């Protein structure tokens, strides 16, 4: 291998790396583990013997963010974010992708990039180049780009034979979009969230976000809601005469359709009734054609998935990406509906002959001759979404199978004949008024044979002769009301986004998903997008202050500018600077006029001062704070006008009127119901503003069960994480031993009587203690073998396991034979004694301290805890 060229190849996902390596090595490769797997084999590269390493990233290597100094909501004015620098940091630091790429690139003379062939993929190309130390200008270490639309052997081999250079302009277009979306979105979101947090009781204000794409998307939903809400129905009347012909009773359609004047409609009804017979004025037959579909692009796939299959856009894209990485369909992100001239339809059809559902149909297409698809739009990116190899439901799974089935049927429809049918129209005259009836008869099913949902509805008509007269059976005067449109469906919303240039084929699903996750809309039956009170109020607020903020025009303009960057027709930095300047001015005006939006919020939501019940005392003013139970649950001090967020999905009660030694706030006890639910005390102030540095770094407080969202108030720190030495509820005084499952500490649940238990302060592990004991407490003594806290149990005299009816016992839950036999571990591994020491990897031994009784600085960094 010493004399071989070394070639590094990087794909976007591990599964694609495996497919590429399998094809190019003909299955003769070795695989070793790394941050992502590395497949190695020998082969030829550009006429020379080479040793290949094929590995992958897992999406974007880097994400954009603000430097640390701009992360503090309390000290940074959102206005400053427009001028703030941005940094790129590893998207997934724990995966160590940068280090992995750097290591694998050592000694390699060439690198071939197999990232997805869209703008995002092009951007990742340059992230990989940066991580590996390759340089586009270095002639000794060459970088190539493989362009492919599927992970089939044919496409991979073709891409390998036609390597190109990465497109920096497309990568810069993504950089521009990321910077614009970050600065605009975060500035508006921080200001809105900070302004409205703590003002209203029934407002879910954890994050009130704004997004240049997200907000216009919401705007479409609210616009339809407003149309429905302001719609005023009108009565109308229509004539409906009935005739009988050859045993068929037919209702005739009035040429005037309907009238909004009852008196006029009544006059026409009288004329028709007096006419008595209908005279056939004309009988016409016309050959009609329903054209086969063009190729399937992403937007149309998402629309069909929502309207016909019941999948949301996000789910549909996940399924499509999975089918793509497994090699069943071509790349699912494309704007094109036109196939390239080089597309091999015959091979693609042959791959489907074996399918038990439509294999026979495919065989007939090949035997009789298939039709070339009708011309569509060539966006210059990827071919339409196409099946690449045969699959069965067992191979791909239920939901993925339904999506795959549609992709196959759509493709087969594009190469099938058109649907042909004869449309018959009969015009009749009654009392001087013209009516008609129509019928349809299919002569050639064409593509509708494989796409039955697109079939023409057949309607049989009896035969009519021009000039014949037919008796009128009756004439109804139908009364109806005009109806408002329904709520937007996901499919209709996708169409509007595409029409107005909101998002791309790669991001439309994300924007729709976001407005649902933010509780701005709810997806109801029929995949209808119904805006919530919060979503409606937000859009109405933008409309009052600056309608541009929720209209699609600005985002459409931004997308156009970004496209110019991608084509090399505009400078990346100039576009970013121009757009940021526009939004900076709009932000300043928005801040000045925020009272207009607040007035709408006040009309819709209840002020905190008028809500909730008194629960615990504020440590600052010593007045009672009100408990707001609406999501997100919180305490509100009307005197200090401060809000303190509480854990969710549980109950909160006052805890024996005890106070925190750090800030004098009254403690509350949080409990999760159920036999395996947890309880822990917390100080409202400490929970929102942890007083010890590094609490979130050490314990991942943002991941603590039921911790509040990351806002300017900080992450959640209950007493079970607090190391304060003098607080009787802290982990130092209530912690017993290390958790057997994680790096946490098992803490005595203070209100678990009579079903006593220890709860891990980080994970879901629970240790059940002897049930029915009168009292269980921790002591200041430690186990000499494992340094865990000694607990004291006062057993019930009727059920005591102690000899001679004794009830009081002290011991270590890990080392005491009696206690070890009485405890049970839930959601974790059992304690195992090894050399006299209990099992567990928790930080700190026993109650979180090191051996000995050193005093602990309450301002410590937690690094030594």
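Cβ atoms here come from the backbone N, Cα and C positions, even for glycine.
Swiss-Prot lists 6-151 with the feature domain 'Toprim'. What Swiss-Prot records for 12, 116 is Mg(2+) 1 binding site, and it gives sequence analysis as the kind of evidence. According to Swiss-Prot, the feature site 'Interaction with DNA' maps to 73, 190, 197, 333. Summarising the annotation, Swiss-Prot assigns Mg(2+) 2 binding site to 116, 118 and lists sequence analysis as the type of evidence. Taken from Swiss-Prot, the feature domain 'Topo IA-type catalytic' covers 167-587. What Swiss-Prot records for 209-214 is region 'Interaction with DNA'. Taken from Swiss-Prot, the feature compositional bias 'Basic residues' covers 833-853. For 854-865, the entry in Swiss-Prot reads compositional bias 'Basic and acidic residues'.
Annotated features, which come from Swiss-Prot, shown on the structure.
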residue : record                      : DSSP (3 states)
12      : Mg(2+) 1 binding site       : coil
73      : site 'Interaction with DNA' : coil
116     : Mg(2+) 1 binding site       : coil
190     : site 'Interaction with DNA' : helix
197     : site 'Interaction with DNA' : coil
333     : site 'Interaction with DNA' : coil
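For residue 190 (site 'Interaction with DNA'), the nearest neighbour among the recorded positions 73, 118, 197, 333, judged by Cα separation, is 73.
The region 'Interaction with DNA' (209-214) scores a mean pLDDT of 93 in the predicted structure.
Residue 118 (Mg(2+) 2 binding site) sits 8 Å from residue 333 (site 'Interaction with DNA'), taking the Cα positions as reference.
For residue 333 (site 'Interaction with DNA'), the nearest neighbour among the listed recorded positions (12, 73, 116, 197), judged by C-alpha distance, is 116. Other Cβ atoms within 10 Å of the Cβ of residue 116 (Mg(2+) 1 binding site), summed over all protein chains shown, number 24. Residue 197 (site 'Interaction with DNA') sits 13 Å from residue 73 (site 'Interaction with DNA'), counting Cα to Cα. Across the domain 'Toprim' (6-151), DSSP helix (H, G, I), strand (E, B) and coil residues number 46 helix, 43 strand, 57 coil. Look at the Cβ of each of the recorded sites 190, 333 and count the other Cβ atoms within 10 Å; the largest number goes with 333. The Cβ neighbour count for residue 12 (Mg(2+) 1 binding site), using a 10 Å radius over every protein chain in view, is 23.
Applying DSSP to the region 'Interaction with DNA' (209-214) sorts its residues as follows: 1 helix, 0 strand, 5 coil. Cβ-based neighbour count (10 Å, all protein chains) for residue 73 (site 'Interaction with DNA') stands at 17. A distance of 35 Å separates the Cα atom of residue 73 (site 'Interaction with DNA') from that of residue 12 (Mg(2+) 1 binding site).
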